[in-house]
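Participant: Can you read through this structure? Questions will come right after.
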Amino acid sequence: MSPLRSSATATFEMANAVGAQVPIDLSIDPEAYTYDFVIVGGGTAGCCLASRLSEDPAVKVLLIERGPLRDDWASKVPLISSNPYAKDAPVGRWWAQPLPQADGRPLEVVCGEALGGTSSINCMLYTRGTPGDYNRWSELGNNGWGYHDLEPYFVKSENTQSHPPSEWRGKHGPWLNQTHPHIPYRSMEYLIDALERAGIQHTDDTNSPHAPAASYAPPDVAQDSKNYRHSTFRAFLPPELCQERADRLKICTDTLVMRIEVVNGNGQAHARGVYFEATDYRLAGRRFYAQARREVVLCAGALVSPQILQLSGIGPRAHLEKVGIPVQCDLPGVGNHLQDHIAVPLTYEIPIEDSLHGLEANPFKAAKELLRYLLTGKGIFSLPFQPLAIYVPSRLLDSDGRLSVTSPQALDTSFPENRPDLEIMPNANNCTDHEITGKGIFTLIVGLIRPKSKGSVRLASSNPRARPDVDLGFLTNEDDYVPLRKGLKLSMNLAKDMRERGYPLQDLIVPGGTDDGSLDRFIRQNLRTCYHYTSTCRMGRKDDDDRPGVVDKELRVHGGFDESTVPTATIPCYIGLIGTRVRIIMSSFPEL
């Protein structure tokens, strides 16, 4: 494995430069492979944490990422880099277990595998969630995790380009974001008018703690002033910073963690180091080891973090014994409580020139738009796939999917009971698994963002190269049908309004009726993942019989470990955020 260089020639040292062969060569100075912190996972959280910890000149940090360094031009262009199904997209993709509640269909799980993680390939939405989300965490016994505890860290980390500075918006942080108020689709103009007539009000800032529970707005997106994607890699680990800190910050890309070394003594478990190899199996003849003086920090995402813990002997005893992993710590919560936003798309045919598919049908238009982006940084290539964010609490929708607000207090999202549980995501492209060619497509995705259903992540085998066994668990709690039905009815009402006002919208893939049976059948046949996996290493009490926690409120693994986990996996219950969860980890190291 050889060093990689970014466009600015910052060298990222690979495993053979920072690790020691196993067994450890005693002739090598231990300092050559010992760090204060070893961070497993260079994704959304890992990049931020590596930057934060390495601010201290006396602290040595090793960051290990399974995927590559992707810093070429295409990786920065929003329209090009937001397709996880592109041939060369830096993602991990594999099939989850077939879902009985989806008529036996398996769904594909997708996660980013590159420096920056999923922030390098997602739709760039920068959405924190509501104050009530975090206040609910505090109610669950996680003191210090309420909204007002975390707001200063949101402000400190961001640099908003579109909003004035305020107590809740920052202008001096490393992570840039902006909004795109101009939307180049006629369909969205008609949709906005329909939203207003439905009583769903516009808000100036979706990340304002005062935004009403039922509202819409162009979302904040993580982009810089050139309209390039601003992933956490580009925000927190730019080449000049890596060069400046080269003596204390080492980054291994294309490197697969095999397991964490766990030792026990005096009734305490200790995560001493990490074993790793090249991700490319053709280069995997050597295994390497890095030791941590202070902590191993696991932030490999909600699917891979529990896999690594289980490979290390930390997890449900019965499962570990079944796959032949020696048990270091019987921790039943590891890999349980998996949640994801459940999505059901409604698909309509529209004029192809008003759809992203117009670029496929008209190469001249595609070339013109690309040239426009190259010259000005504007146009379709600069925009997110989702131009509007629409949030609605299903409890405020009647049986016909119509909004009914009895008092202004019902829209106050600082109260957990008022949080929206539905997000309607409009897209000018096909968002289904069906192949639809030669047509313009408009999609309204109904997203359940506070599901009650839960799944799990387990080892498929003791081989670290095998993808974990994922059970998404969608609709295992039948209560989830209720808000989804209401969300479908609301979306169908919006589409009907658009059509009645003159927009040429034709049904393609929609329910055959509005009775519960028709809607439930449509949900089962068309549900899909939103790729927003969470809670498999949830923060909470270890002795909670119903939902045993994996980490405490300091994000340290239960069982006496001096090991932390700081990915979305630790979220104790689902919140409505998409792209900014990394900021919460800063509160774990307030002394830095």
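Don't overthink the numbers, they just go from 1 along the chain as shown.
Just so you know, glycine gets a Cβ as well, placed from its N, Cα and C.
TrEMBL labels come from automatic prediction, so no person has curated them.
What you are looking at is a predicted structure, and each value in this text was computed from that prediction instead of being measured.
Straight from TrEMBL, here's the annotation block:
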BINDING   THR118, VAL257  FAD binding site
COMPBIAS  208-219  compositional bias 'Low complexity'
DOMAIN    301-315  domain 'Glucose-methanol-choline oxidoreductase N-terminal'
REGION    202-222  region 'Disordered'
Participant: For the region 'Disordered' (202-222), DSSP counts of helix, strand and coil?
Facilitator: 0 helix, 5 strand, 16 coil
Participant: My understanding is the cutoff is Cβ-Cβ under 8 Å with a sequence separation of 6 or more in the same chain; which residues meet that for VAL257 (FAD binding site)?
Facilitator: VAL40, ILE64, ARG66, VAL274, TYR275, PHE276, ALA300, ILE308, PRO464
Participant: Looking only at the domain 'Glucose-methanol-choline oxidoreductase N-terminal' (301-315), what are its DSSP counts of helix, strand and coil residues?
Facilitator: 11 helix, 2 strand, 2 coil
Participant: Per-residue pLDDT averaged over the domain 'Glucose-methanol-choline oxidoreductase N-terminal' (301-315) comes to what?
Facilitator: 95
Participant: Mind giving me a neighbour count for THR118 (FAD binding site)? Other Cβ atoms within 10 Å of its Cβ, every protein chain shown.
Facilitator: 25
